[in-house]
Amino acid sequence: MPLNTSVNKPILNASEPRFDWSRPEIAAFFDMPFMDLMFRAQEVHRENFKPNEVQVSTLLSIKTGACPEDCKYCPQSGHYNTELKKEKLMEVQKVLEEAALAKEKGASRFCMGAAWKRPSEKDFPYVLEMIKGVKSLGLESCVTLGTLNNEQAESLSSAGLDYYNHNLDTSAEFYDSIITTRTYQDRLDTLARVRGSGIKLCCGGIMGMGEEQKDRVGLLRQLSQMSPHPESVPINMLVKVEGTPMESVDDLDIFEFIRTIAVARILMPKSHVRLSAGRHGMSDETQALCFMAGANSIFYGEKLLTTGNPEADKDMTLFANLGINSEKREENSDEVVVEAIALQAMRQEESKLFYEVSA
Ligand code: SF4
C-alpha cells in the first residue's frame, strides 16, 4: 500500500524525540515493507546508540507468587493455579549475594521484582536496604513493586533507585480484557509519581495476548507521548503458562513482534528497547533480527521472574557470533564487592532488619 504519511520522508533531526506521534503515523510504520522498516529502525538506532552494544540486566524475583492482581498472563497471580512455588520476601543479604553474582556474570543493572499489588509498610524498608546494597556493589538498581504512593516514590528515590519498572502491558482499550483488579489510569498515576520523584522509567508491554495491531499501536502511542520517553522500554512476547487464562492463546506472528520492536525504536530513539520475556522461545536468528530492529537491552542469567531465560553462556555465544558487546559500567574489584556485602549485613543487624516479614 502506498504511504503518503511523514514516515516516507527522510528522517531529519531523527535524534530529536517527538512526543506527538499520531495513530495513523504509527500504523503506517507497521504497514511498511519489512526490510524498509528494519532499515529505518537501524538508521535511528545508529544515530543514537553504539550499533553493536547491548545493555545487560539480571532480574531476580524477591517475592514470588500469591499476588492479589488478576493479570491473565501471569503465573504469579493468586487467582490462577499454576503450581508456582510461592516464596516470601527474600533476605536482604541473600539478594545482595545474587546481585554480586549477576555482576560477576556481566550484568550492569540488577532488577528486583516483588509480586505485590503495592508494597506494605512492613516490607518496604527491606526493599530500600536492598536498593542501597545493590548500589554499593556498583550496579544500577531497578525494582518493580506495584502501585506506589508519593511517599514511597520519594523514599525509593532517596535510597538511590535508578529505575522503576511499571508496564502498561497493552492499549488502554484492551486493558480491561487482561486485568480487572486495577485500571490503566492507576498505572499512569504511579508512573507519574515515579517520574516526579526523579527515578527513571522502565515501561513497556506484552505482545501476543490476543490483542490486535491497533492495540500495539495504541500502547506505543501511549509510551511515545510520555515526556520524556521511558528510558527503558521492555517489549515482551507472551510466555504462555499452563493454568493461566492465556495458556492457549494464538501465537503472534514473529515478524509482527519484530515490527513492534522496530516501531518502538523509531518512536523512542533515545530509549533502551529491551527484548524481554519470551526471548527463551526465540531462535538465535530471531533474536538477531530483534537486535537489528533496534533492541539494545536484554535480561540474561537463569531466571526472568518465574519463567525461563536462556543461560548466560548461550547468550554470550550469541553475542560473540553477532559481534555484540555488553554495555559497560564502571567496574568494582572483587574486594569492593565483598566489602559491600559485609557492610550491608552489618547495617541489617544494626538496624534490626532481620528477616521476619511474611508474604
Ligand atoms: S504481573 Fe505483577 S501485578 Fe500482575 S499478577 Fe503478576 S505479579 Fe501481580
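The backbone N, Cα and C atoms fix where each Cβ goes, and this holds for glycine too.
What TrEMBL annotates here:
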type    : residues                       : note
BINDING : Cys67, Cys71, Cys74            : [4Fe-4S] cluster binding site
BINDING : Cys111, Cys142, Cys202, Arg274 : [2Fe-2S] cluster binding site
DOMAIN  : 52-270                         : domain 'Radical SAM core'
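Only Cys67, Cys74, in sequence order, out of the binding-site residues Cys67, Cys74, Arg274 have a CB under 6 Å from ligand 1. Within the model, the domain 'Radical SAM core' (52-270) shows a mean pLDDT value of 91, rounded to a whole number. If you take the Cα of Cys74 ([4Fe-4S] cluster binding site) and the Cα of Cys202 ([2Fe-2S] cluster binding site), they are about 19 angstrom apart, rounded to a whole number. For the binding-site residues Cys71, Cys111, the largest tally of other C-beta atoms within 10 A is found at Cys111.
Other than Cys67, Cys71, Cys74, the residues of this chain whose Cβ falls within 8 Å of the Cβ centroid of the [4Fe-4S] cluster site are, in sequence order, Glu69, Asp70, Tyr73, Pro75, Gln76, Ser77, His79, Ala115, Ile179. Taking a C-beta cut-off of under 8 Å and a sequence gap of six or more, Cys142 ([2Fe-2S] cluster binding site) has these contacts in its own chain: Ser57, Arg109, Phe110, Cys111, Met112, Leu161, Asp162, Tyr163, Tyr164, Asn165, Cys202, Ser232.
Take the mean position of the Cβ atoms of Cys111, Cys142, Cys202, Arg274, the recorded [2Fe-2S] cluster site; other residues of that chain with a Cβ within 8 Å of it are Ser57, Leu59, Arg109, Thr144, Tyr163, Asn165, Ser232, Pro234, Ser297, Phe299. Here the CA atom of Arg274 ([2Fe-2S] cluster binding site) lies 21 Å from the CA atom of Cys71 ([4Fe-4S] cluster binding site).
Cys67 ([4Fe-4S] cluster binding site) sits 25 Å from Arg274 ([2Fe-2S] cluster binding site), taking the C-alpha atoms as the reference points. Sparsest Cβ environment among the binding-site residues Cys67, Cys74, Cys202 (other Cβ atoms counted within 10 Å): Cys67. All protein chains shown were included, and the count of other CB atoms within 10 Å of the CB of Arg274 ([2Fe-2S] cluster binding site) stands at 25.
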